[in-house]
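Trainee: Annotation source TrEMBL lists domain 'UmuC' at 115-294. Look at TrEMBL and you will find ASP119, ASP212 tagged as Mg(2+) binding site. Under the heading site 'Substrate discrimination', TrEMBL lists TYR124. Annotated active site per TrEMBL: GLU213, in sequence order.
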Amino acid sequence: MAGRDRDAVLREQLFGLIFVDVHCAALKQIALPVQSRAEARKVTRKSQSCGFFKRKVARRSHSSRARADRTLGRGALTGGRVGQARGIAKSLDSGWSCRTGNCHVADDSRPLRKIIHVDMDAFYASVEQRDDPALRGKPVAVGGGHRGVVTAASYEARPFGVRSAMPSVTAKRKCPELIFVKPRFDVYRAVSQQIRAIFLDYTELVEPLSLDEAYLDVTEDRRGLGSARAIAQDIRRRIREECRLTASAGVSYCKFIAKLASDHRKPDGLCVITPEKGPEFVASLPVARFHGVGPVTARKMERLGILTGADLQAWTLPQLQAHFGSSADWYWRIAHGIDEREVKPDRPYKSVSAERTFDEDLRDPERLAAEVERVAGYAWTRIERAEVTGRTVTLKVKYADFELITRSKSFAVPVPDQAAFVATGQALLQALYPLPKGIRLLGLGLHNLGDPDAPAARQLGFAI
């Protein structure tokens, strides 16, 4: 392979870029290693002035994407070629950005992003242990009831296998000494607002994911602390002193790796992953921990010999597409530490749901009823963490032949509690009988969301 092609392939495999013309002299220069950022900027300017380049970039055609896929398929990054590719990328990274398979010239002056992911440690259970000294050091589960689920588990309960969204009877069987505490969501919301106020002292770019988790973009150092690490340390210190709780934080250049990093040193830890360490960090982790890789996908990857990020990095984009379709692009990018999602403050929820894919197709009514209750438990935990209410319950069913249907029921008032949510889901499932074929996926969600402080539905005569 010619030197230009080899370097281009290496760089494309690392960053997913499309070099739009092998005959354009300016673009040929881009594929060659350069010695400085000044030279990289010079090459970028030359490329922008090339008419062929402009036409190709503007078109963003399907043929360009297909061509990039073919190029990416020429070989995988291995051995010393990884170092060569990183060397090329390091000298050019200020001039290019990646946008879902198309190549764009980026602003050279754009600073490297600094993202912090803050995750409170066993938040609900820790609040209960903070407020009740008798619970400290003991296995605690927030939630409960004979037919309820665990909303949160303390770290003392986790070695026994107790996890959130687990049925209470299962949790009690795993840990006979488990202490159940009724949730106090008004208290959790108040503490969450206190923590949010701390975040806002450092940046306005705060994207809450739930009451106990958020992304912060601290690229702009408003308090002059000098680094994202120092900012994360200060935030954790203030949470400990002002809220008497602990938080774990991950610091990196993108959301995907920041979230992985926050989980890496839990509880009460701080993990910083710099850009040059990103791909190496991802390579060391099991793919089951990756955002977007659910249990079913993880099992499929395992059957294909993909157990770690390093395994995933060895696959080309076309190879992944053959097995994972439209999701392949995301898997390829995160394997190489690429995630350009921005931190979006006050992201509104359109719906909250959960779903489960089965290893075998189900038809048995009792088994399906149990699965509805199980999925509803997962979904309701997310609903409570998101602090939302909703008036529409939607059942999602995918049959064995991949036919997908949804059934919904709307009410004049919000669904009041988990029991009503489960009952509505069961009623929607019952309406499908007799089943025409087996079910391979079942999901349940809440839509038509509104203010959690609205009048209680049960007081307004909620009825299924």
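Glycine too: its Cβ is placed from the backbone N, Cα and C atoms.
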Trainee: In whole Å, how far does the CA atom of TYR124 (site 'Substrate discrimination') lie from that of ASP212 (Mg(2+) binding site)?
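Mentor: Their Cα atoms are separated by 8 Å.
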Trainee: Pop the Cα-Cα gap between ASP119 (Mg(2+) binding site) and the residue listed as 'active site' into the table, whole Å please.
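Mentor: Between the alpha carbons of the residue listed as 'active site' and ASP119 (Mg(2+) binding site) there are 5 Å.
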Trainee: Look up GLU213 (active site) in the DSSP assignment and report helix, strand or coil.
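Mentor: Going by the DSSP assignment, GLU213 (active site) falls within a strand, counted as strand.
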Trainee: Take every residue in the domain 'UmuC' (115-294), average their pLDDT values, and give the whole-number result.
Mentor: 94
Trainee: Using a 10 Å cut-off, grab the number of neighbouring Cβ atoms around the Cβ of GLU213 (active site), all chains included.
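Mentor: There are 18 of them.
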Trainee: Of all the binding-site residues given, ASP119, ASP212, which residue's CB has the most CB neighbours within 10 A?
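Mentor: Result of the Cβ crowding comparison: ASP212.
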Trainee: Across all chains shown, how many C-beta atoms besides its own are within 10 angstroms of the C-beta of TYR124 (site 'Substrate discrimination')?
Mentor: 29
